[in-house]
Amino acid sequence: MEKMRLVVVGAAGRMGQMLVKAIAASDGATLAGALERPGSPALGRDAGEVAGLGALGVKIADDPLKALLDADGVIDFSVPAVTVEIAALAAQARIVHVIGTTGLSPSDLDKLEAAARHATLIRSGNMSLGVNLLAGLVKKVAATLGADWDIEILEMHHRMKVDAPSGTALLLGEAAAAGREVALSDVSVRQRDGHTGARKPGDIGFATLRGGSVVGDHSVIFAGAGERIELVHRAEDRSIFANGAVRAALWGRGQKPGIYAMADVLGL
Ligand SMILES: NC(=O)C1=CN([C@@H]2O[C@H](COP(=O)(O)OP(=O)(O)OC[C@H]3O[C@@H](n4cnc5c(N)ncnc54)[C@H](OP(=O)(O)O)[C@@H]3O)[C@@H](O)[C@H]2O)C=CC1
Ligand SMILES: O=C(O)C1=N[C@H](C(=O)O)C[C@H](O)C1
């Protein structure tokens, strides 16, 4: 089969550069385009050089319509407004759209649902194998322990991260809520400040730390009376997300339009 032609959105960003490297190292995919915002200083530069690889012959451009014309898929770790726009274009082109972008609002998610009528969308707050396995464990532990065990999710990321709680924290919260057969939106507590009163039984709490260069640390804490279980994932290198995203794109090539998760890709 011919190599899958992939476009990277946000190609000069932290994840974009990792994606360019992961595609270059992949047997099944080739870089067909690289996008940045209008006015970006990266426009016109070779995407491989920006990623520190040497020239790949793909210049960073700012026209998504043109870039997607000749692509089989697009990998997008950018910002919510751009991701929604790219999903609509992926639907027009009937191609695969791998979405790593976090911080999407409910209305953004509705727009992705609409795009998924024609595009194959694979979206996950975390594309690593480790976190997706952890989510399965969290679901199982939450289902096993009674509601007298309190669930708290703690995350820490680098100082440049702009959204909170992280997409991964929310993914793990969804897994815990699914284990308890409740809707996360009914039980989640995203912030505490001042005289909050005692913790409500059944709540799933989130706490956010930001600082330095932390790639991504997540702990799911099950706190019982007299004992505590902590399930922890520490990302040490962004290549785990980029490799997962390329794997998702290749998997998506054979799928019908719809919205899929990383668990589908990994067969979990
Ligand atoms: N699901 C997962 O596994 C992971 C998800 N993420 C998520 O990916 C997203 C990006 O993270 P990260 O790489 O650290 O962030 P960066 O800010 O480093 O990268 C985002 C890139 O998108 C660019 N961008 C902005 N507007 C446009 C546009 N109109 N067209 C094309 N590109 C544009 C930005 O350019 P500029 O800076 O010039 O605005 C920037 O280069 C975040 O939401 C993050 O949470 C991150 C890691 C793993
Ligand atoms: O912004 C990041 O860096 C990361 N974002 C994702 C998230 O919001 O969970 C995944 C990873 O933790 C890194």
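Note: Cβ is positioned from N, Cα and C throughout, glycine not excepted.
Here TrEMBL has Gly10, Ala11, Ala12, Gly13, Arg14, Met15, Gly100, Thr101, Thr102, Ser124, Gly125, Asn126, Met127 binding NAD(+), and the candidate from Glu36, Glu152, Glu155 in that same listed site is Glu36. Here the Cβ of Ala12 (NAD(+) binding site) has 21 other Cβ atoms within 10 Å, regardless of which shown protein chain they belong to. Calculated from their C-alpha atoms, the gap between Ser124 (NAD(+) binding site) and Lys161 (active site, proton donor) amounts to 17 Å. The CA atom of Arg14 (NAD(+) binding site) is located 11 Å away from the CA atom of Lys161 (active site, proton donor).
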